[in-house]
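A.B. asks: Not my notes, these are from TrEMBL:
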- His99: active site, proton acceptor (ACT_SITE)
- Asp100, Val103, Gly105, Asp107, Ser109, Glu118: Ca(2+) 1 binding site (BINDING)
- Pro193: substrate binding site (BINDING)
- His223: heme b binding site (BINDING)
- Thr224, Asp274, Asp282: Ca(2+) 2 binding site (BINDING)
- Cys68-Cys145: disulfide bond (DISULFID)
- Cys101-Cys106: disulfide bond (DISULFID)
- Cys151-Cys353: disulfide bond (DISULFID)
- Cys230-Cys262: disulfide bond (DISULFID)
- 58-357: domain 'Plant heme peroxidase family profile' (DOMAIN)
- Arg95: site 'Transition state stabilizer' (SITE)
Amino acid sequence: MIHEATGGSQANTDRQLCSFSAEIDMERHSYSCRDTTMSCLALLAALCLGAAVVARGQLTDDFYDDCCPNAEDIVKNRVSAAMKAEPRMGASLLRLHFHDCFVNGCDGSILLDGSNSEKLAGPNLNSARGFEVVDAIKADLEKACPGVVSCADVLALAAKYGVLLSGGPDYDVLLGRRDGLVANQSGANSNLPSPFDAIKVIIKKFSDVGLNTNDVVVLSGGHTIGRARCALFSNRLSNFSATSSVDPTLDSSLASSLQTLCQGGDGNQTAALDAGSADAFDNHYFQNLLSQKGLLSSDQGLFSGAGANSTKALVQLYSSNSERFLCDFRRSMVKMGNISPLTGSAGQIRTNCRAVN
């Protein structure tokens, strides 16, 4: 079930509650940042919790305005530093948010360590990355406003800035998620869309979490940044079928270069998901699909073959209309970020994103 909300009258009520309660407590008990034994940070954390309980089931775009006003700047600064060191990190953070939301909803469960960790599931093992960046963001937030910002919200904000700092669109992230208490390794193995899945299977997995075919295509456009390991596409390069050594929907010159890259390796060599525009968030990914230069089978499948009946026209639209793609991407990211969030008193605000409190 998806809980969607916008910053309307309820959001204003929540913000006023946090602010008004602080004024009442400051006056009644003469609390101040200078002379109280109860720190303002702790008071604001308590007030944020109170507002969250009232706002049960709601996410808003101003959730931390009173309780942790510098939260977005803190996330942006850490993501910016990480991407200066490695531009690919923006794509990795976007992927973490995606892989989190498709398992247990957007609850930060992908960050948990342990024997049942989603990190150890097939779709994430040796490929999900960016955990150290999330740790650094969380540490900064805990210093600024301890116990306030959830790990699930960190992922949502980190994905936003991974996109924005890659040249992609800005959008208002709805906030107020709380963190789950358990990981779901089996769910990650079964629920996450795979590069080997047929398009109809991917559409079904999106539908299962409340996303439609348009969301499938536009969110696949997130592959305009990032890289993929040879293990995820080498099946297209040799012994593809009884009648073709190489996938016939893969451009021959691209296939040749990929064969050279992957030959003799351990499957962990990487290639750009969007050949020719690897680090820029644009609509070049869709233009590549028209030229049979989609890296993954699930990418090219959006345009080629019988399974593309419901997606081909959208690929053509986004390939020629960058503005439409960026606009729809904003909408689909907000929609995805609202997959079954924990709110109110559900879950907790983890102090360490890798473990429950």
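Cβ coordinates are placed from backbone N, Cα and C, and glycine is handled just like the others.
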A.B. asks: Cα within 10 Å of Pro193 (substrate binding site): which of the recorded positions His99, Cys106, Cys262, Asp274, Cys353 qualify?
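C.D. replies: Correct set: His99.
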A.B. asks: Sequence gap of 6 or more, Cβ distance under 8 Å: name the residues on the same chain that satisfy this around Gly105 (Ca(2+) 1 binding site), in order along the sequence.
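C.D. replies: Spatial neighbours, sequence-distant, of Gly105 (Ca(2+) 1 binding site): Gly180, Val209, Ile339, Ser340, Pro341, Leu342.
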A.B. asks: Of the binding-site residues Asp100, His223, Asp282, which sits closest to Cys262 (disulfide bond) by Cα distance?
C.D. replies: His223
A.B. asks: If you measure Cys353 (disulfide bond) to Asp274 (Ca(2+) 2 binding site) at Cα, how many Å is it?
C.D. replies: 31
A.B. asks: What are the other residues, in sequence order, whose C-beta lies within 8 angstroms of the center of the C-beta atoms of Asp100, Val103, Gly105, Asp107, Ser109, Glu118 at the Ca(2+) 1 site?
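C.D. replies: Going along the sequence, the neighbours come out as His99, Cys101, Phe102, Asn104, Cys106, Gly108, Ile110, Gly180, Ala183, Asn184, Gly187, Ala188.
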A.B. asks: Give me the long-range Cβ neighbours of His223 (heme b binding site): same chain, 6+ apart, Cβ under 8 Å, in sequence order.
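C.D. replies: Within the chain, His223 (heme b binding site) has Cβ neighbours under 8 Å at Leu273, Asp274, Tyr285, Leu295, Leu296, Asp299.
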A.B. asks: Can you tell which of the recorded positions Cys145, Cys151, Thr224, Cys230 lies nearest to Val103 (Ca(2+) 1 binding site) in space, using Cα positions?
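C.D. replies: For Val103 (Ca(2+) 1 binding site), the spatially nearest of the recorded positions is Cys151.
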A.B. asks: Could you tell me which of these recorded positions, Cys68, Asp100, has the fewest other Cβ atoms within 10 Å of its Cβ?
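C.D. replies: Sparsest of the recorded positions Cys68, Asp100 by Cβ contacts within 10 Å: Cys68.
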A.B. asks: Give the distance between the Cα atoms of Cys68 (disulfide bond) and Asp282 (Ca(2+) 2 binding site), rounded to the nearest whole Å.
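C.D. replies: The Cα atom of Cys68 (disulfide bond) is 32 Å away from the Cα atom of Asp282 (Ca(2+) 2 binding site).
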A.B. asks: Quick check: of the recorded positions listed here (Cys101, Cys106, Asp107), which one has the Cα closest to that of Arg95 (site 'Transition state stabilizer')?
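C.D. replies: Result for Arg95 (site 'Transition state stabilizer'): the nearest of the recorded positions is Cys101.
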A.B. asks: Mean pLDDT across the domain 'Plant heme peroxidase family profile' (58-357), rounded to an integer, is what?
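C.D. replies: On average, pLDDT over the domain 'Plant heme peroxidase family profile' (58-357) sits at 96.
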A.B. asks: Among the disulfide-bonded residues listed here, Cys101, Cys145, Cys151, Cys230, which has the most company in the form of other Cβ atoms within 10 Å of its Cβ?
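C.D. replies: Of the disulfide-bonded residues Cys101, Cys145, Cys151, Cys230, the highest Cβ count within 10 Å belongs to Cys151.
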A.B. asks: Rounded to a whole angstrom, what is the C-alpha distance between Cys230 (disulfide bond) and the residue listed as 'active site, proton acceptor'?
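C.D. replies: Here the two Cα atoms are 20 Å apart.
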A.B. asks: Over all shown protein chains, what is the count of other CB atoms within 10 A of the CB belonging to Thr224 (Ca(2+) 2 binding site)?
C.D. replies: 28
